[in-house]
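Asker: Pulled the feature table from TrEMBL, pasting it below:
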{"type": "DOMAIN", "residues": "48-154", "note": "domain 'TerD'"}
{"type": "REGION", "residues": "284-303", "note": "region 'Disordered'"}
Amino acid sequence: MPLHRLSSGYSGYLSGASEASDQPHARSDTFYGRLGSTVRDRSHEVTPTRRVSFSQLSALRKICVRLTYDEDAYPGGIDIDMFALLFDNACAFVDCIFYKHPEDASGSFSLNQKTNSLAVDLETVPDSCHTIVLAAAVYTTGMSIAELEGGLIEICEGFMGPVLFSIPLQSLEVNLEEATDSAGVLFFSLSEFGGKWRCRRLERFSKPELPSLMKVAKEESQQIEEDFAVGNLKNLRTLDYVARTAESSPTMRSSSSGSREAQKMNFSINSEKLEKLQSRLSALRGGSSGEGTNTEARLSALEDQQKRLSRQLSKIEDKLDLLLEGLQG
C-alpha cells in the first residue's frame, strides 16, 4: 500500500517560509518561528498562565485524545496524524499542534506520534486560545479516514483516566464522492466561556491538508460563537457536566479494552429479545381480531404515549442542563 504524507505543513502555506530558511538561533518560540519564520508575531505570543478563575470553576483540567486502529490490517504501515487547531475569541487562527509542531511553547499540548495520542492541560492553555478544534487525517493515498479498520477516537478525562467520548470512525457517514475529500475529519471542539470549557462533537470531513482543515475549523469556531451568543447550548455542554453524566452512565466510559467491548454490547440490540417482543405484539394484534379493534387501538395509544413521554423527557433533560449550568455560572 503506497504511503505518501502530503506536504501540507503550515510552513509551506505561509508566504516566505521554507525549510531552507530555518535558522534555529533566529527563531521565535511561537508556532510560526518553529516552522522557519524569523519574524515574531507579537499578537500570538504565548501567555504561560491561565485565568485565575479557571481552577476555581472547572474540576476537569486535563484530557487525553487517543486514536487507535487495527494495526494488523495494515502490514505495510499507514500514515496518520492528529491536529489541535487553536483560535482566539475573534475566531482568528492562533496556533496548530501536529506532526511538525508536536508541542506548544507553554507545554499545554503534547502530541505523541508513536501512540497517536494528544495530551491537553486545559489549566495552562494560553489566554490567547479561546477555541480548540481537534482533527485527524490519514495520508495513505486514496483512503478515507472513515475506512480505517478498527479506527476509534477516545477522549479521556485526565491523561490516563476513563473515557468521556468514544467515536468509532467507521460509524461516520461519508457522503463525499472522492475519498481524498474525507481523508481528514474534524471530530471535537472545546471553547472557553467564563472560565468553563464547553465541548461539542463534530463530524466534518476535509482533505488531509492543513489549509483545508483550518478552513473548516474556523467555520466551526464561528458557529460555536454564534450559538453561545443566542443561548443555544443544547450541543455545547460543559466538560464538567459531561464528566458527571458519564460517571452516572457506565456505558459512556471505559478504562480498558475489555470494558470497551462491554460498552459495545450495552449499545447493541439484542436480536433475540427484539424478536420475542415483535412476536408478542403480533400475537396481541392477532388476538384482537376476534375482539374487535379495541385491543389494537389500545396498543397504538400506548405506543403514541411512549413517544410523547420520550419527547417530554428529552425536553426536561435539556431544561435541567441549562438550569444546572446557570446555577454554576
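Cβ from N, Cα, C; glycine included.
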Asker: Would you report the average pLDDT that the model assigns to the domain 'TerD' (48-154)?
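Answerer: Mean model confidence (pLDDT) across the domain 'TerD' (48-154) is 88.
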Asker: Over the span of the domain 'TerD' (48-154), count residues by DSSP class, listing helix, strand and coil in order.
Answerer: 10 helix, 44 strand, 53 coil
